[in-house]
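Novice: As annotated by TrEMBL, NADP(+) binding site applies to Ser24, Ala59, Thr60, Lys61, Pro62. Per TrEMBL, the feature NADPH binding site maps to Asn46. Sequence annotations record features per position, and here TrEMBL assigns domain 'Pyrroline-5-carboxylate reductase catalytic N-terminal' to 1-73. The domain 'Pyrroline-5-carboxylate reductase dimerisation' annotation in TrEMBL covers 130-233.
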Amino acid sequence: MAQALAKGFIASGITKSENIIGSSPRVDSTFIEEFSNIGCSTTHENAQVVEQADVVIVATKPPLVPKVLTEINPKINNTLTQDGLLKRKSQVLVRSGASVFSCGTATRSGDATLTKRLFTAVGLCEEVPEVLIDACTGLSGSGPAYMYIAMEALADGGVKMGIPRELAYKLSAQTLIGAAKMVLETGRHPGALKDDVCSPAGSTIQAVYFLEKSGFRSSLMEAVQAATLKSKQTGRKE
């Protein structure tokens, strides 16, 4: 996540590589190498990052967050923005991420504005109540995996029908991009957009009927629920 965010921030022009410093354990030589390759400073000391930076992003797996916060706590003055950030590497890297955050009671008035400014540079960013963080994890945090499976399945279907593999992947990926853009740019309900491409007695409505009969819609809903519950369970263990 850290590398994707850094590359996204640099690509968007919100900051320069020389203004970014990243920290990782000594065993993670790949992180150090990749961060150095894009012109960022590196260290093995989290405290050094806090000392040198105006904004600190804890970009690690949830179980490690308490340990990192305990380590850097003595270096933090007065307040700490408590953000719940939902990202996926590839989306952030191409500035198409979907992030949410929730500010804690100790945050300052400008923290939410700063957080939104940073993460809007790498995609969509919205402030939500803390109670929704896990649900957003289940939807947009884990969501790219669902879409990759759908994309692969669509391509497999195309290959089964005779389309070359490389072309099938391009068509399935572009289909998802196009559908997503229609929802975001028109503001119309996905169901209404679906109706637009379903001609009476046509091939598309026949395919939609098959998807409904096979439980496609409920499977996605249950996937979001399963990921949400797992996220809540992980949070309780912390």
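Keep in mind that glycine also has a Cβ here, set from the backbone N, Cα and C atoms.
What does the local environment look like for each feature on the list?
Specialist: The Cβ of Lys61 (NADP(+) binding site) lies under 8 Å from no Cβ of any same-chain residue at least six residues away in sequence.
Using a 10 Å Cβ-Cβ cutoff, Asn46 (NADPH binding site) registers 20 neighbours.
Residue counts for the domain 'Pyrroline-5-carboxylate reductase catalytic N-terminal' (1-73) by DSSP state, with H, G and I taken as helix and E and B as strand, are 42 helix, 6 strand, 25 coil.
Secondary structure of the domain 'Pyrroline-5-carboxylate reductase dimerisation' (130-233) per DSSP (helix as H, G, I; strand as E, B; remaining residues coil): 88 helix, 0 strand, 16 coil.
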Novice: Counting every protein chain present, what is the number of Cβ atoms, excluding its own, within 10 Å of the Cβ of Ala59 (NADP(+) binding site)?
Specialist: 18
Novice: Looking at the binding-site residues Ser24, Thr60, which one has the fewest other Cβ atoms within 10 Å of its own Cβ?
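Specialist: Taking Ser24, Thr60 as the binding-site residues, the minimal 10 Å Cβ count falls on Thr60.
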